[in-house]
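Student: The structure's right below; bear with me while I get my questions together.
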Amino acid sequence: MNVIRARTAGFCMGVSLALRKLDREVDRAEEKAAQGSPRCRIATFGPIIHNPQVLEAYAGMGVRCLRQVDEVEAGDHVVIRAHGVPQQQEKALRSRDAVVVDATCPKVKKAQLGIEEQCRAGRTLLLFGEAEHPEVRGLLSYAGEGALVFGSVDELEGLPLQPETEYFLAAQTTQDRVAFEAARAWLHERLGHEVPVLETICDATRLRQQEAIDIARKVDAMVVVGGFDSGNTRRLADVAAAQGVFTVHVENESQLPVEQLRGCGIIGLTAGASTPKSIIDATQRFLESL
């Protein structure tokens, strides 16, 4: 079996940075314990990234995943997830007498601050994203009242837009660029003028999606590896499938539909921004063995 592997597959800068920050806290805690000091409790606030194998590995190291601010105890070392958190939660965390380490992706942090600046200037946010995604909840916390979220042009068409309101358009950092541009064009037609755009889709997302499209057009099937909770991985599968090729999204090689793939001559392989290289490697080896 021939496999074309995407060069962009695997950890993005934001994920790598977040994991390095968490690793640093784990290492420091172990060093202190080795010196006879009490081992401080290490935790993340929410899953550090959306990958089950990575989360399981950290749990094995004693890293807890906290969901509520009142779970944080004095002296804890708490690492904020790569997706960011609502600013009210961040303020509450910092009031708990704990050591708080912000591992928010720099691209997400830039989007948060850009949204805040636009809203302070009197504009209202139209946000293209998944309403229940943790990154989106964080972004909305910087937008004030009146912000609207939509996940597709169909949803955008159903929003109660007011002609007299000065809107601006932004997106979840891992959203589909083509769909975002379609929303932008629809707004121009609907409102009769160009809506200001805050460019928040990161380059890594754009390049990863474009490479997935390019590979999907050359192969008999496409395999996308990454957590089922990972929005950017789901969108990779979507853009690949949109090219008309059989596409499967799996978390690891054990979930591959072997019989459906066995007859393929060439298979494309890509992975989400939170998928470890070891899992991508294992999936590639398995595919090549078919």
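Just so you know, glycine gets a Cβ as well, placed from its N, Cα and C.
Residues or ranges marked as [4Fe-4S] cluster binding site in Swiss-Prot (evidence: sequence analysis): CYS12, CYS105, CYS202. The (2E)-4-hydroxy-3-methylbut-2-enyl diphosphate binding site feature in Swiss-Prot is assigned to HIS50, HIS83, HIS133, THR173, SER230, ASN232, SER274; the stated evidence is sequence analysis. Annotation comment: Swiss-Prot describes HIS50, HIS83, HIS133, SER230, ASN232, SER274 as isopentenyl diphosphate binding site, evidence class sequence analysis. Marked as dimethylallyl diphosphate binding site by Swiss-Prot on the basis of sequence analysis: HIS50, HIS83, HIS133, SER230, ASN232, SER274. The feature active site, proton donor is assigned by Swiss-Prot to GLU135, with sequence analysis given as support.
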Student: Compute the centroid of the Cβ atoms of CYS12, CYS105, CYS202, then list the same-chain residues not in that set whose Cβ lies within 8 Å of it, in sequence order, for the [4Fe-4S] cluster site.
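Tutor: Along the chain, the qualifying residues are MET13, GLY14, VAL15, PRO106, LYS107, VAL108, THR173, THR174, ALA204, THR205, ALA273.
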Student: Specify the nearest of the recorded positions HIS50, GLU135, ASN232 to CYS105 ([4Fe-4S] cluster binding site), where nearness means the distance between Cα atoms.
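Tutor: Considering only the listed recorded positions, the nearest one is GLU135.
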Student: Using a 10 Å radius around its CB, how many other CB atoms surround CYS12 ([4Fe-4S] cluster binding site)?
Tutor: 25
Student: Around the (2E)-4-hydroxy-3-methylbut-2-enyl diphosphate site recorded as HIS50, HIS83, HIS133, THR173, SER230, ASN232, SER274, what other same-chain residues have a C-beta within 8 angstroms of the site's C-beta center?
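Tutor: Once HIS50, HIS83, HIS133, THR173, SER230, ASN232, SER274 are set aside, the remaining close residues are ILE49, ALA82, GLU135, THR174, ASP229, GLY231, THR233, GLY272, ALA273.
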Student: Within 10 Å of the Cβ of SER274 ((2E)-4-hydroxy-3-methylbut-2-enyl diphosphate binding site), how many other Cβ atoms can be counted across all chains shown?
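Tutor: There are 30 such Cβ atoms around SER274 ((2E)-4-hydroxy-3-methylbut-2-enyl diphosphate binding site).
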Student: Round to a whole number and give the Cα-to-Cα distance in Å for the pair HIS50 ((2E)-4-hydroxy-3-methylbut-2-enyl diphosphate binding site) and CYS12 ([4Fe-4S] cluster binding site).
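Tutor: Here the two Cα atoms lie 13 Å apart.
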Student: Between ASN232 ((2E)-4-hydroxy-3-methylbut-2-enyl diphosphate binding site) and CYS12 ([4Fe-4S] cluster binding site), find the distance joining the two CA atoms and give it rounded to the nearest Å.
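Tutor: Roughly 11 Å, rounded to the nearest whole number.
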Student: Listed recorded positions are CYS12, GLU135, CYS202; which of them have CA atoms within 10 A of the CA of HIS83 ((2E)-4-hydroxy-3-methylbut-2-enyl diphosphate binding site)?
Tutor: GLU135
